[in-house]
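A short write-up of the structure that comes next.
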Amino acid sequence: MLFRFLLLLLICAPSALSAAPYQAMVVAAQKSAAEAGMAMLEKSGNAFDAAAATALALGVVEPGSSGIGGGGFFLLYIAREDRYVMIDARETSPKLAGNGEVFEQQSSIDGPQSAGVPGLAAGVDHLIETYGRLNRNVITQPAIDLASNGFAVGPRLRSMLEWRSSAFSDMARTTFLAGDTIRQPALADTLRRFARGGRDDFYRGETAGRLVADMKRDGGLIRESDLATYRVIEREPIIFDYRGFQFVSAALPSSGGMTLANVFGQLQDDNLKVLNQSDRIHLLVEAMKRAYRDRNAHMGDSDFVEIPDLLNPKRLQQQRAGIRMEHATPSSEIGNSSDAIGPGTDTTHFSVIDAEGNMVSATLSINYAFGSGYLSPSTGILLNDEMDDFATRPGKPNAFGLVQGSANAVAPGKRMLSSMTPTFVIGPDRTFIVGTPGGSRIISMVLLASLGFMLDETAAAEWVNAPRYHHQFLPDEIQHEQGAFNPDVANELQKRGHKLKLMKRRYGNMHAILIERETGKLTGIPDARGEGVAIRQE
Ligand code: GLY
């Protein structure tokens, strides 16, 4: 009897594995980076080789969003093992940052002191060595070519440059504001050294020496020992079920998977399909508010702080029981904490699948647009400003008037809490690879797109392109894009006590793949807000 029950469970449990062989696909924010990934597949590489090449190329052609001066998370599905793993290449705090005292006087956003120890080079190298098939030289070559030959500045990059260039160091100005083509010869040399020496060069070799010399001269905090002790960590993803779908998502130090699990855990017994628009949005917003409150107050690097049992089903049921359908609950009634989160604004996301069904969902970042604005002259590496993702001064407002909890306080070697949420959603017969940039709004964007996939009421492109809305506990308002609510729904939400805040700009840049597992049919869904593309292997 027990055996029959287990067998039934195995048959019914959604699996990312398929009966059908796939065409391969890469969906990324820039065509040249997606082509770099596809070139690896054409050379008989797998999805992990493609992801490594795409990540390195994006760091060159989308310099405002990610790069080897930053970090990120690669969520992998290894088909032959039917196994998921998350590669945590998040930055760490340099020792000289102490407990963050330095940020009482200095910015955690602009300048070399705002940089965490970069993780991407180690993450990419780990991906290649552990899961790839191709040689690091081959994988790095497209990025070297793009850095050395240059690329044309597109409208998206131009508007980011206009916005952020006031924070640029001299070398960043020279490199990025030279004209309509951006060439990065120093970065090309660093990538050549990376191709030869991998993480040994970056963290202990010539690149490390150059980077630290620049840091010492220009006021940065990263030293030899910070680089030498940097480690990539393989983590178990957050896996949970929601009404017949399985979510596989980012684990701490990303808050993404736990926050998604919190929202969907509260809504386990709600059939969203039968609710009218106003009720559905109200319920989602109320659940988000409570989940983000938990995120802001309690989450941090789990290797450094004890995380309470936030996903306990009883606790989530209690949270759900506190939601009233007729009234919005003010955030001040949910918790007396004034925790909130920093508004990280730029990052990148790409999705990959290969012919064997291996999948990658990767979200990579240098935090703000162009990170710290500091470009290390001798390496060409643009450094992140991820230190601002810490609660740099717990209990006190940061540069944006936001206050965060001590779980995410600065400590030497600690990883700053992230919102990056690379995710797989596995349904009975379809799988969705999804993720996006967008700071604290990443989680709600992934949530809304996943709901689109699960409810399946609109065309797939709409799951990514529909106007978005977001609530993050504080500020106590629904932030939304133009067109997110029709006038009747907007009136109804206001009647229930919600404050609506229209965002000046559309946000996010999602790059997703929909997989129909029986037929192997793939649909690439680049975000219409950006310049991304889906490339399919012929
Ligand atoms: N830097 C944005 C994030 O990790 O959430």
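Using the three backbone atoms N, Cα and C, a Cβ is placed for every residue, glycine included.
According to TrEMBL, the active site, nucleophile annotation covers Thr347. Summarising the annotation, TrEMBL assigns L-glutamate binding site to Arg90, Ser365, Ile366, Asn367, Asp389, Ser418, Ser419, Gly439. Residues or ranges marked as signal peptide in TrEMBL: 1-19.
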Within 10 angstroms of Thr347 (active site, nucleophile), Cα basis - binding-site residues out of Arg90, Ser365, Asp389, Ser418: Ser365
Listed binding-site residues with Cβ under 6 Å from ligand 1, out of Ile366, Asn367, Asp389, Ser418: Asn367, Asp389, Ser418
Other CB atoms, at most 10 A from the CB of the residue listed as 'active site, nucleophile': 30
